[in-house]
């Protein structure tokens, strides 16, 4: 277990809309991640939601009953030891919010694909989310067959067989399938045991220069606050390498758009780290793993309403260049997933508009040149990314962006 209050691993909660991702996250963490007013109204996740939990184990009970997230053993009421703290990234399942799911996938060390037993499998975004995990290199996957309380045993077995058939030949072919009722809390102990066994904590190298993927940014000041009480802007995200500490200077790229005459360019933002936190707990140093809040000296106007989400942050002078165009080696899927007609994917074409996700950023670009092994794309919004980074590629088909593959930055 990590010595600090930090989580050790980020696990994505993905799957089709309304299959129970947010309910399962709440059952494991006690946190309802849909807190945005529009989310509460519509009953779906719109932004990425985050919540932490500690996996604990009873010293005396047998497996899997010995696993819990509570302060005492659910089976015997006895003492429990904390094994690991984990962060869940709850991604939206609605097809119009695929870009948000893709930007969240870059934070994931593993994923739980939630599939409702009460609907035929696969549903469109079940397919699309699994392809996205594959495209972005998320390998450690568990499948939760949720809502088993709503179906007969025969229907649950039929749905299980559909899941096995659907995952054949994918990154999740050998993933354990765990029947669960998030609503009733049934089989959560089995799920916790599987998380411990199948989603390992990645090996982290804290000696590398720090890099933080920014997934959210906020103005934490309440309207009408006195000037003397105002706090600087807050950014939230995941450190992917190295460590940051309170007092460090921080560079955020791409930064601010500056227009001079008829030319525009982007200027990195430099600020200082005032505080680091996980939930309500303060840290002096933050390392990879979990989702971190970083308090800064920035004008809160720069951070409000996720204005800096998609940025990359690190020590000044250590970040990669900001790219206004990128050259990638594309790897396209055979067919479009997530739509009714699974069309064959055509090669990239010159002058076509694509949506690209790299790290936590989403941008749109136009292909300047396109060959089978190399494509050059001019970006509408620049990104800060390294050579070798993976980029998810989506194409507009009908009125929706559809994932068509990924590329490696050359």
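Each residue's number is its place along the chain shown, starting with 1.
Just so you know, glycine gets a Cβ as well, placed from its N, Cα and C.
The Mg(2+) 2 binding site feature in Swiss-Prot is assigned to 18, 43; the stated evidence is sequence analysis. The Cβ of residue 18 (Mg(2+) 2 binding site) has 18 neighbouring Cβ atoms from other residues within 10 Å, across all protein chains displayed.
The GTP binding site annotation in Swiss-Prot covers 18, 19, 20, 21, 22, 23, 146, 147, 148, 149, 181, 182, 183. In sequence order, 117, 156, 179, 180, 181, 186, 187 are the residues near residue 148 (GTP binding site), counting only same-chain partners six or more apart with C-beta under 8 A.
Residue 22 (GTP binding site) falls within a helix when secondary structure is assigned with DSSP. As annotated by Swiss-Prot, Mg(2+) 1 binding site applies to 22, 45, with the evidence given as sequence analysis.
Annotation for residue 61 (Zn(2+) binding site): spatial neighbours 73, 75, 76, 78, criterion Cβ-Cβ under 8 Å with sequence separation of six or more. What Swiss-Prot lists as Zn(2+) binding site is 58, 61, 73, 76.
Summed and averaged per residue, pLDDT over the domain 'tr-type G' (6-203) gives 84. As annotated by Swiss-Prot, domain 'tr-type G' applies to 6-203.
Positions annotated as region 'G1' by Swiss-Prot: 15-22.
Under the heading region 'G2', Swiss-Prot lists 43-47.
Look at Swiss-Prot and you will find 90-93 tagged as region 'G3', backed by sequence analysis.
Beyond the region 'G4' (146-149), the same-chain residues lying 6 or more positions past its ends with a Cβ under 8 Å from any Cβ of the stretch are 19-20, 23-24, 114-118, 156, 179-184, 186-187. What Swiss-Prot records for 146-149 is region 'G4', and it gives sequence analysis as the kind of evidence.
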Which of the listed binding-site residues (146, 181) has the least company, meaning the fewest other Cβ atoms within 10 Å of its Cβ?
181
Could you give me three numbers for the region 'G4' (146-149), the DSSP helix, strand and coil residue counts?
2 helix, 1 strand, 1 coil
Can you tell which of the binding-site residues (58, 76) has the fewest other C-beta atoms within 10 angstroms of its C-beta?
76
Of 58, 146, 183, which is closest to residue 18 (Mg(2+) 2 binding site) if I measure between C-alpha atoms? They're all binding-site residues.
146
Give the distance between the Cα atoms of residue 146 (GTP binding site) and residue 58 (Zn(2+) binding site), rounded to the nearest whole Å.
25
State the count of C-beta atoms found within 10 angstroms of the C-beta of residue 73 (Zn(2+) binding site), not counting that atom itself.
21
In which DSSP state, out of helix, strand and coil, do we find residue 58 (Zn(2+) binding site)?
strand
